[in-house]
Amino acid sequence: MSDPYAGLETIIVSEPLLKTQCLLGEGPLYDLRTDTLHFVDIMRNKVYNYNLGTKELIVHEYEEAVSALAIRADAPGFACAAARGFALLHPPSTSSDKGRIEYLATPLTAEEEAKTRFNDGACDAKGRFFAGTLADENAKGGSLWSYGIGEEGVRLVDGEDISDSNGLGWTLDNKIMYYTNSRHSQILAYDYDIETGDVSGRRVYIDIPKMHGLPDGLCFDSEGGLWSAHWRGSKLVRFSPEGKPTLVVHIPGALNITACTFGGPNDDRLFVTTASPEASPEANASLSDYPQSGDLFEVDLKGRFKGCKWRHEFRG
């Protein structure tokens with residue numbers, strides 16, 4: 001099998017921005033209002049808040065795992081995808097306390113909750129929160145859900161042949177939704193109706209070569225390029241709007257590249273979360289092999305690429 005990434009321009013990132021050593025770093029989200037990058041360590045129930053200007057880092061621990069964040073449109077703070085569903089976050093009042101999770105919807109059955117959890121997610125331009133679940137060890141049983149305002153409530157979007165749900169987002173015209181079906185090594189595309197939140201026309205947008213790991217989180221740039229983090233691949237890859245790989249970012253010190261987002265006042269800094277090899281024991285790798293696993297990285301893309309508004313605030 002030929003390597004579709006062979007010969008592509010490659011940016012090598014050798015040093016982390018923050019040495020966080022997360023077990024499962026995920027969900028980076030930049031807030032321009034406060035110049036703060038937020039991200040999570042799912043396996044340690046932590047939310048990191050890093051001010052880019054002052055370089056102050058504040059870490060909050062919560063009662064349960066938090067896997068994806070969304071800024072609230074009509075109130076301070078965050079909505080999130082938490083272990084059992086869609087929720088609001090209430091930060092701890094003191095440094096010794098744990099933050100509280102207030103669930104808005106818990107759509108899984110007790111049996112499903114015992115073997116899976118919610119994972120990555122994002123909000124569309126109407127403020128609906130979409131998030132998916134992880135599958136069992138047989139790569140079966142994952143599902144994609146949405147939580148909408150008012151009478152929409154929570155609903156199943158897609159439960160057919162889903163493995164591990166990961167990065168999702170929308171084109172700038174809101175006509176296509178992309179969704180990562182990780183263990184099938186695919187990024188899917190759906191036709192999207194922004195007024196109803198309905199999806200149709202499911203198809204494979206990108207097949208990720210397994211020699212380079214599995215697709216995980218994603219983000220978009222202002223030219224319509226999709227950036228896909230590669231779990232067990234030590235890299236993230238930019239794809240053109242037509243789905244062709246155009247650029248590789250190689251992070252040799254970290255095995256599991258989990259998610260990415262643009263940020264900074266000029267929206268030209270790409271922030272990348274990573275996870276420890278302990279989060280993927282099947283890889284037979286150790287922290288000594290990849291000593292920067294779990295750290296936060298930055299790619300300076302000034303003059304080349306900028307981010308765009310591909311996800312939105314929660315309006316529930």
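Yeah, the Cβs are placed from backbone N, Cα and C, and that goes for glycine too.
Per TrEMBL, the features are as follows:
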- ASP216: active site, proton donor/acceptor (ACT_SITE)
- GLU26, ASN166, ASP216: divalent metal cation binding site (BINDING)
- ARG117, ASN119, GLU137: substrate binding site (BINDING)
- 24-275: domain 'SMP-30/Gluconolactonase/LRE-like region' (DOMAIN)
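Features as recorded by TrEMBL, highlighted on the structure.
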residue: GLU26; record: divalent metal cation binding site; CB count, 10 Å: 28
residue: ARG117; record: substrate binding site; CB count, 10 Å: 18
residue: ASN119; record: substrate binding site; CB count, 10 Å: 27
residue: ASN166; record: divalent metal cation binding site; CB count, 10 Å: 28
residue: ASP216; record: active site, proton donor/acceptor; CB count, 10 Å: 29
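When the C-alpha distances from ARG117 (substrate binding site) to the recorded positions GLU26, ASN166, ASP216 are tabulated, the minimum falls on ASN166. Following the DSSP three-state reduction, the secondary structure of GLU26 (divalent metal cation binding site) is strand. Shown in sequence order, ASN119, ASP120, GLY167, THR180, SER182, GLY217, ALA229, TRP231, THR258, ALA259 are the same-chain residues outside GLU26, ASN166, ASP216 whose Cβ sits within 8 Å of the Cβ centre of the divalent metal cation site. A gap of 7 Å separates the Cα atoms of ASN166 (divalent metal cation binding site) and ASN119 (substrate binding site). Note: the Cα of ASN119 (substrate binding site) and the Cα of the residue listed as 'active site, proton donor/acceptor' are spaced 11 Å from each other. In the three-state DSSP reading, ARG117 (substrate binding site) counts as coil.
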